[in-house]
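Undergrad: If you scroll down you'll find the structure; I have some questions about it.
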Amino acid sequence: MAERKQWKWAADPSLNKMEFTKLEKDGLDVIETIVNTYSKEGFASIESSDMDRFKWAGVYQQRPKDGHFMMRVRIPGGILSSEQARVLAKIAEIYGRDLVDVTTRQAVQFHWLTVESLADIFDRLASAGLSSFEACGDCPRQIMGNPLAGIDPHEVLDTRPIVAELEKFFLLNRDFSNLPRKYKISVSANIHNAAHAQINDLAFTPAKKVMAGEEVIGFHVWVGGGLSAKPYLAKQLDVFVRPEEVVKVTAGVTTLFRDFGYRQKRTHARLKFLVADWGPEKFTEQLLELVGELEPGGIDLTSGWNGGYFYGIHEQRQAGLYYAGLSVPVGRMNAGELNELARLADEYGDGTIGTCNTQNVLIRNIPEAKVAAFREEPMIVNRFKWQPNTFVGYAVSCTGTEYCNLAIVETKERMRSLAQYLDDTVVLETPLRIHMIGCPNSCGQRQIADIGLQGALVKTSNGMVEAFDIYVGGTLEEPQFNRKLNARITVDRLGPFLAQLVTLYKADRQEGEPYWRYVERVGLSHIQGQVDAILQPA
Amino acid sequence: MGEEQAESYLYKLEAVLEEGRLLTVVVIAKTDERAFSSAENNLLRHTITPPRIKELSLVEKKPLGRQGVGYVVETSTFT
């Protein structure tokens, strides 16, 4: 066990219970205990206070808490190698009942792991330069980025070295392993806000500034975003950050969160609460005190929002090379399919695979001469399509009751089959983003969806029936969270209901008008009227 | 869902009455089914004339492992 830090908040008697747990034993120390004790002595040997600390190892108990675990693996910036993919596939095959999920933060998630398997899994991950450590817990989580970094025609600089530096700086860094709460960072130089800046605790977006007669490409900084039960959009600070200053600024913001973030109430601990109290001006002053002078903000280089979608086969920044954005319906695949992706990446690309925050994947660096053959690959034609149908292609789902202790309803398979039904029922050529979640937490990022579906259970004469509340109009284009309609639709009616709602939009929309903008134009009461008419008994 | 859950949860349910009123009910239970029956019992205890429930829904649950788990029931919108 490493030497214990003397944190300045340690003497505060009003800390919440979890803070005392973290002071007693740092979250990172559980890794050693898992390897040396729990993985040898089994589930029954796990001390209850350590169960919370398992999150620092990237591991949670899965529903129904019968000895199985979920593990999240960090994929920094959403780029992994084919060799890493094969290691992940092997873990899923041996220990994870052949299940691999791509998450909304570009991580990879396993289920069904036992504590006995964890030491070997940590070793396998480390052998491939991967880690699950700090993928959960009160620490810097998976760093989100642009999965096209380095090849993106729409990025202003290659962010891969920056993400790698951040990962190196933060991973297992005990200066930052005891934050007040989870902490999410995104870095992207894609001008279409590929990494969802406004819903991260700390985000970097592309900017430029003329300094001493020279145009410098760098970043603007956003702090305090997050979804959960009370979503909040990040605020932009009036600073311009050069690429070489990103790590320093990130360390500064994280230090502010660590030292001034709230630790009395766990529900009031995320960075967004500090940012809301201080405001961007005071936050900037405090940051500059820590990291030294920074230039004031420059010219924003962001333009709209791509939603994190990259479907199709597109020219890269490098002439003669292409990338393929592929659909993984609701982010779920098996080990064989991940191995097949690795083969495709090797055979057609440069051996790298991108994971997207839309739960999808990319193959990078395909030479022009290989594009035609790539398109004909059975996996691409039949499974991970580059031109998916609208609804399957833009469907996102959390884990749901299948594995999550907080979920009220099943989501993953339901969202997949619902999207398939909509594709079979309504012809819509333009994207319509539907996100389904199984509880009021926000793993499926319901708030930013065109149509968000949030699970509930309804008591009927036939027993409990799963149902969904409907939210409309979410976007990060002109950032706003979707709003709730007065409708709770049971699952037997959900498909036909949505088909009718979407058909009305299709008939009424202006040319090229996305659903969120349509909601904005016609108004929520108009949409409520549509809903009431659909639900009226025949 | 169901009897598999060993630990208790704090459940939040919503009851829409036929007259249009919405009541929020919070109960402790070990299973979703028991949460529904407890909510119905509490609704009965709360009223002299049994309420005519149009729809009863379970909308959230939180594990009771930590002290202080609870809900805020909004009666107006906060920023």
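Note: Cβ is positioned from N, Cα and C throughout, glycine not excepted.
From TrEMBL, here are the annotated features:
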DOMAIN    A:60-127  domain 'Nitrite/Sulfite reductase ferredoxin-like'
DOMAIN    A:136-289  domain 'Nitrite/sulphite reductase 4Fe-4S'
DOMAIN    A:314-377  domain 'Nitrite/Sulfite reductase ferredoxin-like'
DOMAIN    A:396-532  domain 'Nitrite/sulphite reductase 4Fe-4S'
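Mind running through what each feature is packed against?
TA: Residue counts for the domain 'Nitrite/Sulfite reductase ferredoxin-like' (A:60-127) under DSSP (helix as H, G, I; strand as E, B; rest coil) come to 30 helix, 20 strand, 18 coil.
Secondary structure of the domain 'Nitrite/sulphite reductase 4Fe-4S' (A:396-532) per DSSP, as helix, strand and coil residue counts: 55 helix, 36 strand, 46 coil.
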Undergrad: As a test of reading the model: what is the averaged pLDDT for the domain 'Nitrite/Sulfite reductase ferredoxin-like' (A:314-377)?
TA: 98
Undergrad: Ranking A:60-127, A:136-289, A:314-377 by the number of C-beta pairs under 8 Å to the domain 'Nitrite/sulphite reductase 4Fe-4S' (A:396-532), which range is first?
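TA: Most Cβ pairs under 8 Å with the domain 'Nitrite/sulphite reductase 4Fe-4S' (A:396-532) come from A:136-289.
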